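Visitor: Questions regarding the structure given below will be posed in turn.
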Amino acid sequence: MKGLSIRIISSMESKKPYIAMMFIQFVYAGMALFSKAAIGAGMNPFVFVVYRQAFASLALTPFSIFLERKKAPRPSFCLLCKIFFVSLFGITLSLNLYYVALNNTSATVATATTNTIPAITFIIAAFLRMESITLKHYYGVAKVIGTTVCLSGALVVALYNGPAVKMNWKSSSSFHHHQTGHISNDPSPPSNSSPKAVDSVKGALIMLSANTVWSFWLILQGPLIKLYPAKVHLTTLQCWFSCIQSLIVAVIFERNNPSSWKLGWDIHLLSVAYCGIVVTGMTYWLQAWCIERKGPVFIAMFTPLALVITIIFSAFIWKEQLHWGSIAGALLLIGGLYSVLWGKNKEELTNTTTEEDIQNDAKTKEANELELIDAERQLKCFIE
């Protein structure tokens, strides 16, 4: 009985990372849906970013104080400048682009295009010589093909609607009046010359730009963490910097519209609080824990789940119209993503095995040399 209990507990422990990652993907899907609802209801994208980062900063500050108060070093002025510019380029620019794009496209397209981030990161890292490209090995071919397929899927999502998936409902919510692009109330695909189609393409391309900037930010995090290893402090500093920077951006664009800053007990407040506290605060800890337990590839493999959740909720709750072009592009995105991840995983396993072989060869060589020295010693003693 005791052995059975131990096995049950062990089985539950092993499933925790899977449960955590599924929860995280639900959170990310909720971010796209709530954000689109708030912006569709009239909230300004630039103001949204300010409030989101303010909530995130306030949520993370207590944790950074209590958890890393003693081990966090005092950053130098030069380091603060680096963190400031990384925050400006990575968080402020990418988030503002993301929400401007979301104002011109659907939550489904926004979630779909996030699957391009691993492929874009791979391309940037390859140009910076931080990632190797070799067609001599199957894993190198898988990464190149996966990247090509992933970006092709993104272009399909951005530029091609295709025929509408026939649904047996009519939209009745005012929220749908603000939807644009691949998700629409019109059962027939919009004409490429229509304002809606133009906005949809513009929104998807801006979203890809946001993902590109975010990929740069991900690459810069590695060197930055080496300079300042207190991760929670670093994240909190970047949130505060991006909040201040986004405030300046919003004031520039909305200086003649003070009413856009008002928050009431409505979807606007719920969305910014959700994105700031739950998305930035809670998922940070869960993802860090999952990476520590299972590694980064395990985390990335769950990314398409957020797309599936978004499609389901968009179709059945918001009663949005789905198009076959979006589905085809999403399938290409997911297929390309898994090809890149598979190739990356195989490359890491091969490199690890090679390093172990080199270490084993070095140990064997050292052992043989010691045996030879010992044998020479014994021979010398015998002769004497």
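Yeah, the Cβs are placed from backbone N, Cα and C, and that goes for glycine too.
Automated prediction, rather than curation, is the source of TrEMBL annotations.
Sequence annotations record features per position, and here TrEMBL assigns domain 'EamA' to 18-151, 202-341. As annotated by TrEMBL, region 'Disordered' applies to 176-196. Sequence annotations record features per position, and here TrEMBL assigns transmembrane segment to 20-39, 45-67, 79-101, 107-128, 140-160, 201-220, 232-253, 265-286, 298-318, 324-342.
Relative to the rest of the structure, where do these features sit?
Guide: Look at the domain 'EamA' (18-151): DSSP puts its residues at 108 helix, 0 strand, 26 coil.
Same-chain residues lying 6 or more positions outside the transmembrane segment (20-39) and placing a CB less than 8 Å from one of its CB atoms are 45, 48, 99, 102-103, 106-108, 110-111, 114, 175, 178-179, 267-268, 270-272, 274-275, 278-279, 282-283, 286-287, 289-290, 298-299, 302-303, 305-307, 309-310, 313-314, 318.
For the transmembrane segment (45-67), the list of distant contacts is 35, 38-39, 91-92, 95-96, 99-100, 102-103, 230, 232-233, 235-236, 239-240, 242-243, 246-247, 249-250, 253-254, 260-261, 263, 268, 271-273, 275-277, 279-281, 284: same-chain residues at least six beyond its ends, Cβ to Cβ under 8 Å.
With a threshold of 8 Å between CB atoms, the same-chain residues lying at least 6 positions outside the transmembrane segment (79-101) that come near it are 35, 39, 45-46, 48-49, 52-53, 110, 203-204, 206-207, 209-211, 213-214, 216-218, 220-221, 224, 227-228, 234, 237-239, 241-242, 245-246, 249.
Within the chain, the transmembrane segment (107-128) has long-range Cβ neighbours (under 8 A, six or more residues past its boundaries) at 28-29, 32-33, 35-36, 98, 101, 143, 146-147, 150-151, 153-154, 157-158, 181-183, 200, 203-204, 207-208, 211-212, 214-216, 218-219, 300, 303-304, 306-307, 310-311, 314, 320, 322, 326, 329-330, 333-334, 336-337, 340-341, 344.
Sequence-distant contacts of the transmembrane segment (232-253), counting only residues of its own chain at least 6 positions beyond either end whose CB sits under 8 Å from a CB of the stretch, comprise 44, 46-47, 49-50, 53-54, 56-57, 60-61, 63-64, 67-68, 72, 75, 80, 83-84, 86-88, 90-92, 95-96, 224-225, 280, 284.
Remote same-chain partners of the transmembrane segment (298-318), defined as residues 6 or more beyond its termini with a Cβ less than 8 Å from a stretch Cβ, comprise 17, 21-22, 24-26, 28-29, 32-33, 106-108, 111-112, 114-115, 118, 167, 173, 175-176, 179, 183, 287, 290-291, 330, 333-334, 337-338, 341.
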Visitor: Quick one: do the transmembrane segment (140-160) and the transmembrane segment (324-342) reach 3+ CB pairs under 8 Å, ignoring pairs fewer than 6 apart in sequence?
Guide: yes
